[in-house]
There are 2 protein chains.
Amino acid sequence: MSNGELTRRTFLTSVGVTGGAGALFATMGALGHAPVRVATPDFQAPQRADFHLTGRSTRRIVILGGGIAGLTAAYELGKAGYDCTVLEARDVSGGRNLTIRGGRVEKDLDGHTQRADFSSGTYLNAGPARIAQWMVTLDYCRELGVPIQPFVNANADTLIYQQAAGAPVRFRTAKADLYGYVSELLAKATDQGALDTVLTAEDKARLLSFLEDFGDIGPEHDYAGSPRRGFASYPGAGEDRGSPLPGPPSLSDVFASEVGRYLSFEFGYDQAMMMFQPVGGMDRIAAALTARVGRQRVRLGAQVLKVTGGPSDVTVTYRQGGREQTITADFCIATLPPHLMARIPHNLGTNITAALAAFFPFAAGKIGLEYRSRWWENDERIYGGSTQTDLDIGQIWYPSHDFHAPRGLLVGYYHFADAAEAYGALPPPERTARAITQGVKIHGPKYRTELASAFSMAWHRTPHLEAAWNYAPWDDPAAFRLLLQPAGRVYFAGDWLSQAVAWQHGAFLSARAVVTALHQRVLKS
Amino acid sequence: MSNGELTRRTFLTSVGVTGGAGALFATMGALGHAPVRVATPDFQAPQRADFHLTGRSTRRIVILGGGIAGLTAAYELGKAGYDCTVLEARDVSGGRNLTIRGGRVEKDLDGHTQRADFSSGTYLNAGPARIAQWMVTLDYCRELGVPIQPFVNANADTLIYQQAAGAPVRFRTAKADLYGYVSELLAKATDQGALDTVLTAEDKARLLSFLEDFGDIGPEHDYAGSPRRGFASYPGAGEDRGSPLPGPPSLSDVFASEVGRYLSFEFGYDQAMMMFQPVGGMDRIAAALTARVGRQRVRLGAQVLKVTGGPSDVTVTYRQGGREQTITADFCIATLPPHLMARIPHNLGTNITAALAAFFPFAAGKIGLEYRSRWWENDERIYGGSTQTDLDIGQIWYPSHDFHAPRGLLVGYYHFADAAEAYGALPPPERTARAITQGVKIHGPKYRTELASAFSMAWHRTPHLEAAWNYAPWDDPAAFRLLLQPAGRVYFAGDWLSQAVAWQHGAFLSARAVVTALHQRVLKS
């Protein structure tokens, strides 16, 4: 950028200069302030009264896939009395909304079989694990009576581990150092007049006042550490002011360490705290939906073989208990992962197959490590949250619940793409061994010696799912749009057809959109 | 600061320049990285075996004040069999560790009497409400079997309300705008060479890479808003990418609004998330301590009238049930607020009285507002945390527990000094009315119409406490030090004799220090 562009015009509106504080603040309200109420997407659940009033009758619906999208479609349509049947290929409903407890068996596509040995009360949310405040998922928790508790998605006392550094640093320390040096640099540049062409004297005074506080740099504008970094031992009784941590490192060292790359995660609109999880496991949502739909309507172990759309109905062929069966309904809602749906024979047109196949399946892996003690709480004072690394484990999560219990479960890796493929290709015991070797680098030998059991998911190698999630083909928006419309009497739904891919929020809203469209069509027919 | 001081020497150590990345990172570890284990203050609780081994016998201890310091002293000494009696003037143990539930009655020094009308399950932690991960308070929760849960001390979706702006802004929005503009300013100054004398080319590249991510300013280094600001409606199904909030305001407007002053709170070593609270109310700690000490040892309604130290014992005169009584013990531990202890006749010396009177009592007030609905969750998507204001209410806290319950309790103010004195001087119904009028400015009329009941504490007007906490006389360190030593057989303890004033952590550790000193003295005697 050229020097000339850096003018006052770039930074200042005339309001602040000419209108005085009153006008300025009035403008603030108009320009930038959030309405306190968050608009949630309009949705009117179908009701029985919709039919009573019109004299029309409900319809039979066959739903392919008993994940969140499929269950939600059945649940919402069920409110108006639609006769829904859900075909789910796996032995449990919920799809990727999967909580692993002791006794759970998973066999992957490579023939690796695992049985969870977790003790009672211990569980791994193998798929979705966190819910942001604005997500419709929370509305479903409230409506379904699923109690929630905080999910710790950011914690000043978790760690950043970079291989080159060889020792972890706590987030609070990295943050204090980065904010300190950024403030020092900008304050000194301001002091020296480097911003005089773009800032008024008032702007400068306000900026410096902010930086002194934000970076804890003092009136001299030198960052020389801060209690915000944390302590080797914290202030205590009498005159014990605690022991500071060594440091801070020099500005150059702090930026060279690249710890700064981990700080923006917690600013994300979908990741910023507070976040939440159901008490007792994410599958409480799937279980509650399934119960409301009615277990008898959710056929487990039912694998879809063929979809045949006709002018007035849809026939689905599926295999359950080794027997091929068909079901005919007025409409079908297909919520299978698109790359799997693309493989199922149908008569909906080759453009549909091509559009489904255009999505990008994505690999992710997660491992649950049950420990005999909660050493991360008792010894390291880490109560929830995640440690971020540049190791192939990606991150380590500490549990957000049952604090101070005798045992607990860490997520020993949550990783994607190449790392997920590399671990997923290993037999599960080797995945565990590799994860433990990495974790020992951060937490020391207890990471190995305190281990009780492990269970890992390689989503891309999990039958009937074969991906952690699917990204839309952004180079081919027509494919995405095509699937937002019904193919005859077949509708498509899932997080993959939303702007919240890999979030239950997307699956819920996509299902709602299809429910609304289908119901309106029925009421008009 | 002069220009000349801003040299590379200020910012760079020679290590990074001469030693290459390997040396640099090795130095990082030595310089700045936290040991993962947090050193907790050494403490060996007295044990019965200490006496068995030495043939000595335990002693009688009289403890003045049944707050956290007094109860902890009795609890820890009790482990070795000391015969402790706690004299507590109030009708409940715990001191400022006070949870208000339905039916609780408090009468203040001005004759205002309140009876809490909270419904079952609703409570106000009127005193301490949050616990940082490193605090010894958590160790006591674990040891005492008091379950804990997260306390939401920072939340991107809570609000900043400034009177001049007239409309609240969410923290996430303020943060995105401030970090965006700070990054833009520093990146542009760097681009223009303003920092060439202090940064190497490598430093600059790393700094810019950090700022682009930290401020979400893109390769042009222009802040033009960010999804991090939040949305008027969030991304949803199909092609619904959500609706952005209006804004961002100009750089000048953002700094003029002074929202930045609220951002550093969450960096504090004692305030950074994660923080915790006992499940069911903070007084679970006091109740558990009291139960371990033995209820029969904690005399409620026992007001200390006189302390007489002798060469081999201490006699305490107190009034209980209208009757004056005395108790004689081998030692006394005085944990009353220092300004109240200073008023009690004793023979410990005028220097002790002067030292006690040198502490600064501080005023704080808190109000609990019970609501018939959790509109802040359901309508405004605020799940816990606090809204910060420049109104005389200071802040509004949203509950960190029982999310989605039918009802909930907000802290309608938590304020200090002048604001606390002003509200505390009012009859409680007027305090409520004033707090509601302020809250309506932020949350609208439901802040008034949904209110079910209210209960307020003015700590500085609460009998037997008369302060929220006491600050040490830092202009008179000798006074502080004097009280760290026993006055004959009388020891002093409390958060006021620690480096964690106003935190239970300080009270626990101060009590431990006195327990250790007293026990060592007994073992040596």
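Using N, Cα and C of the backbone, Cβ positions are placed for all residues, glycine too.
TrEMBL annotations: computationally assigned, not manually curated.
The annotation FAD binding site is assigned in TrEMBL to B:Glu88, B:Ala89, B:Gly127, B:Pro128, B:Ala129, B:Arg130, B:Val304. For B:Glu88 (FAD binding site), the Cβ neighbour count at a 10 Å cut-off comes to 28, with all displayed protein chains included.
As annotated by TrEMBL, substrate binding site applies to B:Arg130, B:Tyr413. The DSSP secondary structure for B:Arg130 (FAD binding site) is coil.
Taken from TrEMBL, the feature domain 'Amine oxidase' applies to B:68-517. Looking just at the domain 'Amine oxidase' (B:68-517), the mean pLDDT is 97.
The region 'Disordered' feature in TrEMBL is assigned to B:221-248. With helix defined as DSSP H, G or I and strand as E or B, the region 'Disordered' (B:221-248) counts 3 helix, 6 strand, 19 coil.
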**OP:** Name, in the order they occur in the sequence, the residues of the same chain whose CB lies under 8 A from the CB of B:Val304 (FAD binding site) and which sit 6 or more residues away.
**Re:** B:Leu64, B:Leu87, B:Ala89, B:Val316, B:Thr317, B:Tyr318, B:Leu336, B:Ile344
**OP:** Please list residues from the chain of B:Pro128 (FAD binding site) whose Cβ is under 8 angstroms from its Cβ, counting only those at least six apart in sequence.
**Re:** B:Arg96, B:Asn97, B:Met282, B:Ala502, B:Trp503, B:Gln504
**OP:** Compile a sequence-ordered list of residues in the same chain as B:Ala129 (FAD binding site), six or more apart from it, whose Cβ lies below 8 A from its Cβ; state 'none' when nothing qualifies.
**Re:** B:Phe151, B:Gln277, B:Met282, B:Trp397, B:Val411
**OP:** Between B:Glu88 (FAD binding site) and B:Tyr413 (substrate binding site), find the distance joining the two CA atoms and give it rounded to the nearest Å.
**Re:** 28
Subject >> Whole-number Å value for how far B:Tyr413 (substrate binding site) lies from B:Arg130 (FAD binding site) (Cα to Cα) >> reply: 16
**OP:** Pop the Cα-Cα gap between B:Gly127 (FAD binding site) and B:Tyr413 (substrate binding site) into the table, whole Å please.
**Re:** 13
Subject >> Cβ neighbour count within 10 Å of B:Ala89 (FAD binding site) >> reply: 22
